[in-house]
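Record features, source TrEMBL:
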- B:Gly11, B:Ala12, B:Gly13, B:His14, B:Ala15, B:Gly16: FAD binding site (BINDING)
- B:270-284: NAD(+) binding site (BINDING)
Amino acid sequence: MKNEIASSQDTIVALATPAGIGAIGVIRLSGNNAITISNEVFKGKDLSKAASHTIHFGTIRDGEKVLDEVLVSVFIAPKSFTKENVVEISCHGSNYIIRQIIQLLVKTGARLAQPGEFTKRAFLHGQFDLPQAEAVADLIAADSEAAHKAALNQMRGGFSQEISALREKLIHFASMIELELDFGEEDVEFASREALHALVNELKAVITSLIASFDLGNVIKNGVPTVIAGKPNAGKSTLLNALLNEEKAIVSDIPGTTRDFIEDEINIEGISFRFIDTAGLRDTTDEIEAIGVERTQEKMKQASLIIYMVDLAAASPVEVGQEINRLENLGIPFIMVGNKVDRVSTDQLEAFNTFDLILLSALDKASLESLRQKILEIVHLDSFKTGNTIVTNLRHYESLLKTKQALDDVIQGINNQVTNDLLALDIRTALHHLGEITGDITTDDLLANIFGKFCIGK
Amino acid sequence: MFIEYDIIVVGAGHAGCEAAYAAAQMGSKVLLATMNMNTIAQMSCNPAMGGVAKGQIVREIDALGGMSGIVSDRSMIQFRMLNKSKGAAMWSPRSQNDRMLFSNEWRMALENTPNVDFWQEMITGIIVEQNRVIGVETSLGLQIKAKSVILTNGTFLNGLIHIGEKQFGGGRTGERAAKGLTEQLVQLGFESGRMKTGTPPRVDGRSLDYTKMEEQAGDLKPGKFSYTNTPRLTKQRSCYITYTNRSVHEILETGFDKSPMFAGRIKGIGPRYCPSIEDKINRFAERERHQIFVEPEGWNTVEIYVNGFSTSLPENIQYEALTRIPGFEQVKMFRPGYAIEYDYFPPTQLKLTLETKVIDHLYFAGQINGTTGYEEAACQGLMAGINAHQKINELEALVLKRSEAYIGVLIDDLINKGTEEPYRMFTSRAEFRILLRQDNADVRLTETGHKIGLASDERLDKVMDKKNETARLLNDLKHKKVTPTQINESLTNLQTATIKEKLAVEKLLKRPEIDIQNLTSIDPSLADYLHGFEEEVLQQAEILIKYDNYIEKEKQLVKKIEGLEDYKIKPGFDYSLLTSLSAEAREKLTRIQPETLGQAARISGVSPADISIILVYLGK
């Protein structure tokens with residue numbers, strides 16, 4: 001069932017700007033429902049009432065959650081690149097944000113575009129003339145090659161084994177159903193409904209966990225968001241610089257220098273961390289700084305790991321105790337770092353003994369190393385544990401979602417006691433979507449499985 | 001001696017008979033050439049028609065206006081609807097038939113078709129002029145001219161029969177093999193291969209003890225294949241079931257060293273789903289027993305077909321082993337089982353009309369294309385007959401879609417995928433089997449059959465009635481409401497939930513535990529209303545209501561997949577120009593020359609990216 005090309009009615013979505021580079025990312029949708037779908041996730045002007053070739057400011061929201069502030073351009077068919085309804089969403093150029101938005105649009109009803117599909121639609125709607133066909137065809141071939149390579153890369157992990165194990169089970173399940181349908185007259189034993197129910201539930205559980213791993217996969221692919229927080233002038237930017245080994249943050253002795261966020265990626269033993277340096281947390285009357293503080297607290301809530309810095313020379317044990325309580329209440333893994341250890345006496349240090357602190361002088365390499373180890377320790381303790389299969393490819397994610405939907409239909413069918421011919425329809429749909437990840441599935445696989453396992457035939 | 005015919009059909013088996021009948025019925029002058037006029041429509045294997053997926057095909061042949069359904073109905077000795085518990089899409093009609101009556105009914109049908117002439121002789125070659133077939137040559141050296149030739153040679157082309165270590169030429173036991181044709185076709189550029197099939201021994205029913213077996217009786221209310229008013233069975237003959245055992249297996253094993261299969265004398269590929277008994281024992285050694293179906297060969301004959309015991313072991317081993325089967329202790333054997341090897345032509349050399357790509361107006365149908373089964377053969381014959389007639393008369397070809405008929409699935413599979421082993425139909429080969437049911441073959445196909453001049457006006461009237469009545473019933477059931485006081489007591493009796501307010505009858509019928517028969521018991525006025533409809537209409541409506549969601553799902557799928565069918569590819573399209581295609585895709589597309597993009601997409605090795613590339617070149 002290699003049919004997806006046919007579905008020109010679908011609304012397709014993809015990133016139109018080069019991936020991974022640039023301050024702004026443009027996400028393009030094309031198809032009948034491009035405007036309706038965008039409108040559902042866009043807060044700002046009602047896009048269904050927008051004129052063609054107009055630009056609108058607003059936010060993209062997943063329910064209540066704001067994903068990004070964006071500019072949306074609307075092109076109404078046939079006055080667009082593809083001659084279909086087209087919406088272009090200009091968002092911030094972070095991979096993470098772009099993926100979140102595309103994921104949301106897919107959830108809302110768009111489908112990921114195939115390699116070269118925008119160009120192809122443009123061509124089919126007569127935007128190009130025939131001599132340009134060759135170029136377009138080569139483009140499709142090249143893109144699909146690239147996509148194939150990317151998919152292969154992913155396959156090298158545990159993912160491919162996990163998926164083929166699943167496919168095996170699903171084929172086995174399908175075979176048991178097909179066996180009953182095509183060989184009901186034969187002297188073979190058929191699986192019980194309970195066994196089938198158990199098997200499909202097991203499959204669903206695996207698919208569900210793979211789907212859940214997609215968010216985690218994103219975190220790993222885009223870096224574990226790690227917030228460095230603490231009172232002003234606790235040495236946060238200095239720490240970031242030390243970790244980065246370069247002057248990126250603005251460092252000064254004036255408290256409150258960092259008012260915006262500084263992000264950078266640091267790779268610690270193969271795991272990528274997205275470090276976010278924040279404005280210092282303190283009560284302030286400075287309006288701009290107050291906004292900064294508020295944002296910092298917001299960032300902390302979204303982080304996967306918080307490194308909280310205390311200036312040992314300035315803080316009291318009571319304050320540190322209070323901070324630890326507050327962080328524990330957030331429920332996000334954190335590391336307390338006592339900074340400027342070189343500026344306090346041994347006696348002073350003793351007062352902090354009861355706390356689990358990493359003592360640090362941000363300028364000292366040895367103490368930095370112990371922080372690195374602590375970070376890794378926390379990450380490994382957490383659900384990031386390696387060994388679990390993690391889905392990072394949006395296309396795979398999409399197929400898994402559809403597989404799960406079909407399995408839900410199967411379960412519903414079993415509960416409603418529908419006959420096997422109907423169950424088989426949903427099982428085949430599930431197999432089809434799983435096949436989109438692993439390659440083709442044909443009925444020949446089912447028959448081969450049946451002939452291999454059962455003694456069939458008069 | 002001969003007129004110039006429109007169509008010569010070579011071979012008078014299931015494929016040949018349907019081809020000759022259809023083409024003649026549509027108006028072509030047909031010559032049916034067979035090596036033996038006494039074995040027209042011979043059931044060379046078991047005396048039964050239909051079964052799972054195959055029964056649907058017989059219904060489809062009938063719906064289009066073919067004869068297999070009518071002949072089966074007139075010669076059946078038992079009828080069973082298989083898979084009754086598996087959902088309407090799986091219901092499969094199957095009959096036991098009187099072998100001699102079946103053959104006779106076909107012969108009568110053909111003799112009563114004005115445009116059919118007969119000739120008994122071996123056809124040894126075809127006459128070709130400028131890549132077009134213009135007639136055939138016989139073993140006596142006669143030349144008979146025709147505009148079109150359909151080859152349905154079955155297992156006769158260089159047929160080689162094996163029993164133990166003995167082997168001899170033959171198309172069936174006791175019948176000569178056909179020589180010369182394969183060699184000529186290969187010379188003309190066709191590729192040929194070798195396949196194998198087998199049959200079990202036939203025994204004397206008087207020597208069997210049926211008290212040691214389980215009886216398998218026909219349905220209490222026997223159905224039939226044809227949508228026309230063929231008679232229903234009033235009495236039936238039973239089949240019996242018995243089993244092999246360790247002792248049977250041990251005896252068979254003593255003959256393994258003489259098995260032509262295991263010794264490698266048989267080169268052809270046999271079907272995995274129709275294994276010989278020695279194959280079953282060999283491959284599934286852990287099984288204590290295998291099922292044996294004892295099938296009567298007719299109303300009056302004592303001959304019995306031992307289904308499930310297909311073998312090519314030496315005849316004495318066959319006999320010894322049979323005597324160890326419960327009920328067979330005193331068995332007398334009529335004919336031993338045997339294996340047969342024969343030539344076939346990989347069907348990827350055909351167009352979707354079953355016309356060969358190499359020679360114009362030459363068609364192949366049936367086992368010559370690597371299929372197995374009467375039904376598979378018959379439907380190919382029918383389609384070849386129809387299309388040969390259409391082409392001669394410059395009329396539009398009839399190609400059934402995968403979503404329209406099992407026949408469409410079968411031919412599409414053959415042409416696009418070819419087959420490595422004898423191809424048998426299974427429901428799992430069809431992706432739209434919820435749509436392809438035995439109950440609606442007439443709704444799906446009779447209008448088409450009528451349009452091409454094959455299905456009669458009567459058939460069309462009947463199906464239009466069925467459609468209209470079903471629509472009326474569906475509409476009424478949507479609007480007819482039942483009240484709690486009216487039906488709750490009956491619902492409790494049926495052990496289903498009671499209702500709290502008025503409910504449309506349609507909604508009630510959606511409950512899995514309620515069928516349309518229950519409805520008549522629920523309320524007298526409803527019963528009166530429903531009795532105004534024919535049973536067939538009630539059944540249609542019930543299925544359409546109960547399967548509603550799933551039918552809709554499949555229709556969506558059809559829409560998605562068949563979008564590609566609208567993109568026609570010109571014959572002779574040069575794929576070598578499309579450098580962006582993968583090498584494998586280019587090679588296969590060039591060889592198969594798909595007629596539409598949809599067909600191209602079904603060829604193994606052609607990726608979605610390849611399809612996009614062709615699409616772009618086609619420029620819509």
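Numbers run from 1 along the shown chain.
Quick reminder: no glycine exception, Cβ is built from N, Cα and C everywhere.
Any TrEMBL annotation is an automated prediction that lacks curation.
As the structure is a computational prediction, the values presented were derived from the model and not from experiment.
Taking 8 Å as the upper bound (exclusive) on CB-CB distance to chain A, the binding-site residues B:His14, B:Gly16, B:Phe284 give B:Phe284 in sequence order. The Cα of B:Gly11 (FAD binding site) lies closest to that of B:Cys274, out of the binding-site residues B:Cys274, B:Ser276, B:Glu278, B:Asn282, B:Phe284. A gap of 24 Å separates the Cα atoms of B:Ala12 (FAD binding site) and B:Gly270 (NAD(+) binding site). Between the binding-site residues B:His14, B:Arg272, B:Lys280, the minimum number of other C-beta atoms within 10 Å of a residue's C-beta occurs at B:Arg272. Of all Cβ atoms in the shown protein chains, 17 besides its own fall within 10 Å of the Cβ of B:Asn282 (NAD(+) binding site). Ranking the binding-site residues B:Gly270, B:Arg272, B:Asn282, B:Phe284 by the distance of their Cα atoms from the Cα of B:Gly13 (FAD binding site) places B:Gly270 first. Using the Cβ center of B:Gly11, B:Ala12, B:Gly13, B:His14, B:Ala15, B:Gly16 for FAD, the list of other same-chain residues with Cβ within 8 Å runs, in sequence order, B:Val9, B:Cys17, B:Glu18, B:Ala19, B:Thr34, B:Ala41, B:Thr152, B:Gly154, B:Ala365, B:Gly366, B:Ala377, B:Gly381. Listed in sequence order, B:Leu252, B:Gly255, B:Phe256, B:Ser259, B:Met261, B:Phe262, B:Thr311, B:Ser312, B:Leu313 are the same-chain residues at least 6 apart in sequence whose CB falls under 8 Å from the CB of B:Glu278 (NAD(+) binding site).
When Cβ atoms from all protein chains are considered, those within 10 Å of B:Ala12 (FAD binding site) total 28, not counting its own. Of all the binding-site residues listed here (B:Gly11, B:Ala15, B:Gly270, B:Ser276, B:Phe284), the one with the fewest other CB atoms within 10 A of its own CB is B:Phe284. Cα of B:Gly16 (FAD binding site) to Cα of B:Cys274 (NAD(+) binding site): a distance of 24 Å. When the Cα atoms are compared, B:His14 (FAD binding site) and B:Cys274 (NAD(+) binding site) turn out to be 20 Å apart.
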